[in-house]
């Protein structure tokens, strides 16, 4: 029994080594780090992995997140996002960026049959900003360019009054004083209700998308103790649209509690008109 176990272990090491040509020893492991892109939490179909302590992301997953075009030819993988072209080759410590070669500390690798690329370097090459929140173990990516029409349609798109039709403006006026979530077709109005001053409000924090479910996380803001506010009754609200696939359930949650927004309050949210 011991001999069989040893053989299996050696085979496992050989497979890991062969997945990354040209590297004799390498440490590859999945990581539980969460990923937030453009204020939207990503439900990953492929895990992030760590290669020599550098976080890598599946190239196929990245192409879906950006709406970019991914092609493969003779072992070279090209990702096109708007005017930017990135060409990766596994086992090679350089990438072609719009036809010009650039060195990278960790090149593309193959893990469980999928090509992975360095997350930070790739995101920054696409002109995005990347930071890691050590308290929450979350990688936050902002200003990542997304091809028009390919952005996840289920993200909550906040609208200004100028972007509303006459009918939509009338609906907002009719429900903004009633605390709750109000819906008319694909239009949603999240109403705080009556507030004693303009210091109170609502802000969309982020969204989470999973199979047939979209969660919109909302933060209820309070007055800044260091500011003076006029004592004027206000009715804070956020209005936006969500376009979801059929049978998708949309829920609104309080980002501070994780519970349903306005849960347990006397006023019952209005479902729609």
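Residue positions begin at 1 at the first shown residue.
The backbone N, Cα and C atoms fix where each Cβ goes, glycine too.
Because TrEMBL annotations are produced automatically, they should be read as predictions rather than curated entries.
Per TrEMBL, signal peptide is recorded for 1-24. The annotation domain 'Copper amine oxidase-like N-terminal' is assigned in TrEMBL to 37-140. TrEMBL lists 189-242 with the feature domain 'PrcB C-terminal'.
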Note = Taking DSSP H, G, I as helix and E, B as strand, the domain 'PrcB C-terminal' (189-242) contains 0 helix, 29 strand, 25 coil
Request  = Kindly state the mean pLDDT of the domain 'Copper amine oxidase-like N-terminal' (37-140) in the predicted structure.
outcome  = 90
